[in-house]
Amino acid sequence: MKVKTRFAPSPTGFLHVGGARTALYSWLFAKNQGGEFVLRIEDTDLERSTQEAIDAIIEGMEWLELNWDEGPYYQTKRFDRYNGLIDEMLADGRAYKCYCSKERLEALREGQMANGEKPRYDGKCRDHAHDHPADAPHVIRFRNPTEGSVVFDDHVRGRIEFANTELDDLIIRRTDGAPTYNFCVVVDDWDMEITHVVRGEDHINNTPRQINIYKALNAPVPEFAHVSMILGDDGAKLSKRHGAVSVMQYRDDGYLPEALLNYLVRLGWSHGDQEIFSLEEMIKLFSLDAISKSASAFNTDKLLWLNNHYMRSLDPAYVAKHLAWHMADQKIDTSKGPALADVVTLLAERCNTLVEMAAQSRYLFEEYEAIDEAAAKKHLRGVAAEPLTLAKAKLAALDSWTTEALHELIEATAAELGQGMGKVGMPLRVAVTGLGQSPGIDAVMALVGKERVLARIDRALAYIEARMAAE
């Protein structure tokens, strides 16, 4: 049997991290088993579904590179298929028309709740639908079994059993003729030959109802794995108040997809004590049975740590492609300046996100607006004029503009003045970057370029002269 899984989001909002983890688990299992992964858009909620949400889901999946083998399929394009089956079920008694008004159903619900009962349809129209005019407004309900139970072995939670007496007769077609979610899902999984359904634990109560529909259609029942919810660091269900919950918000905040995928796979799945997983390792090691039943808490600090790891360990040229988006977002013109891969190499050790990296690289591409006041007060005093002037003369004559040659030049300048490296390096750092902290100034100058370095030293010398005159 070929394994086939699916990710089937409803396009009523962005792709959130819980959905992304579900998609990842489903995708990994398919790849681990040599199977196929399907993307399906469950857009039967016509009032809430939007094209904007569909675009956001697809964009998120593409950014994570969770590529699908089939799809995207859209439920709204399959209404004829669903309604054809419903008509067949209606004709042979597997479904029936229900004429109960909203007012009656609401009163029924309120009465049951007042008596401490579980709200459920009482089956009034189950055997009396013929008492109403055929063209009167109605819904179609599935005739759920009234005896026995539904049992399934969940890959995460083990054996789960529901008595059929706990289940009511589900509406499978609304008054407006639109088929409902629980019915469409079953038909889709049947038609698309889905063998394993990975989804959130909030779908557990849907599962017995869907299994009964599979059986009524004489369709094979897939296996299920219901994963636990993701909590915020305060133990509450993850929500917007915990920070970013949209996958693309993590992109915007400067995370690499590899970091987010690595983090998400560990939110409920583990392989020993291993924390770092390449995508190839995830595919090789992943199994549904190793998913934890317990809810997992989202820890932003750990995600930042992983992001820093991938910024440092991935090919700088690859990281640079993602950095380019953030440079443009921060309106930094990179057309005149160092290669972005070199910027990644320079700054990866010092940054946790690509947003930070873009911000910290600005002086490599454009002139800084002002020198940091605290850094200038400490390092651009009158005594700094001599080492800056000597260093500038040597830099102007330097033919080999490399990190190594620049390091040797700073050493030679310090030796000639009989001073420590810091007495030359720190004034140069403030002059070239406008900041009190940066990576090694030799590496920085190598990327800034000779012309800009000399001009910035002139700017710093003018600053020192003006400061001394004011004193």
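Positions of Cβ are set from backbone N, Cα and C atoms, glycine also.
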Matching range for Swiss-Prot feature annotation, motif ''HIGH' region', among 9-19, 42-52, 196-206, 328-338: 9-19
Segment assigned the feature motif ''KMSKS' region' in Swiss-Prot (from 117-121, 122-126, 142-146, 237-241): 237-241
Least Cβ-crowded entry, counting other Cβ within 10 Å, from the binding-site residues listed as Cys100, Cys125: Cys100
Under DSSP, the motif ''HIGH' region' (9-19) has how many residues in helix, strand and coil? 3 helix, 1 strand, 7 coil
In this structure, the one of the binding-site residues Cys98, Asp127 whose CB has the fewest other CB atoms within 10 Å is Asp127
